[in-house]
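Structure first, then comments.
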Amino acid sequence: MRAVPRHVACVMDGNGRWAQRRSLPRTAGHRAAETTVIDIIEAARAAGVEWLSLYAFSTENWNRPGAEVDYLMRLVRRVVRKHAPLLLARGIRCRFLGVADPRIPRELARDFDDLAALTADNRGMTLTVAFDHGGRRDIVEAARSLIRSRTPADEVTERLFADHLPFPDTPDVDLVIRTSGEQRISNFMLWQVAYAEWVFPEVLWPDFRAPEFLACLRTYRRRDRRFGGVPPLTDGDPS
Ligand code: IPE
Ligand code: IPE
Ligand code: MG
């Protein structure tokens, strides 16, 4: 097993509670999340993580009040534009996973496309921002794509199925970090997390920083990943 997980995925949770604890509007928590996002991108890159995925907005998040959704759309646009030069300079390749709903402002979708094009040749780390993402939707879309390709049912394998998911070059997730103490998947990269290790730090996302991220990587290193096998060295017998 690699000492550093190749693919780390974060469910950035707890912004609203961070704000509520300070008697601030929930949007203040989202604004405070920006610093964490940049910190974690830098920390992951420096630690040798090759793939970092951040869950920024789920297909279910459309159920939030309109004002909060609008705020998030504006905030994400500002963050994407502001940090594009830094991401380019750091050699980070950026991608946006999801982004299918017509309610997404056209200018935001364009900024996503621009940043992806700007950084497409970077080879440092691949940053996937899951925005208007739903794991189930991706699986349904893959099934539709397979059916359209007229692949005979008997020829459908897990590998072939995965080739029809968006960004099929994405490796399986090794480590999922969900902040704020919540312990659920919330429809995040369902296919790719099939054998991921999970950690659930109590800290709220706006307070999550490089030291807490590195602690998660250390926790991962102590895990025994068996993939259905038996512990190494013992062949399964008590030693
Ligand atoms: C995560 O923080 C950010 C998004 C889902 C966009 P929340 O807004 O879910 O924060 P809590 O869970 O209400 O504290
Ligand atoms: C998951 O967080 C989605 C993102 C972090 C973008 P939520 O806060 O929306 O998830 P639930 O509603 O608690 O499951
Ligand atoms: Mg939440």
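Just so you know, glycine gets a Cβ as well, placed from its N, Cα and C.
Whatever TrEMBL says is automated annotation, not expert-curated.
The active site annotation in TrEMBL covers Asp13. Taken from TrEMBL, the feature active site, proton acceptor covers Asn61. The Mg(2+) binding site feature in TrEMBL is assigned to Asp13, Glu197. Marked as substrate binding site by TrEMBL: 14-18, Arg26, His30, 58-60, Trp62, Arg64, Arg178, 184-186.
Where TrEMBL records a feature, it is marked here on the structure.
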residue: Asp13; record: active site; DSSP class: coil
residue: Trp18; record: substrate binding site; DSSP class: helix
residue: His30; record: substrate binding site; DSSP class: helix
residue: Thr59; record: substrate binding site; DSSP class: helix
residue: Ile185; record: substrate binding site; DSSP class: coil
residue: Glu197; record: Mg(2+) binding site; DSSP class: strand
Binding-site residues (Trp18, Trp62), the one with most neighbouring Cβ atoms at 10 Å: Trp18
Reduced DSSP assignment, Arg178 (substrate binding site): strand
Rounded to the nearest Å - Cα separation of Thr59 (substrate binding site) and Asp13 (active site): 15
Rounded inter-Cα distance in Å - Gly16 (substrate binding site), the residue listed as 'active site, proton acceptor': 13
Local Cβ density at His30 (substrate binding site) - other Cβ atoms counted within 10 Å: 23
Neighbouring recorded positions, C-alpha within 10 angstroms of Arg178 (substrate binding site) - of Asp13, Asn61, Glu197: Asp13
Recorded positions near ligand 3 among Asp13, His30, Thr59, Asn61, Trp62 (Cβ under 6 Å): Asp13
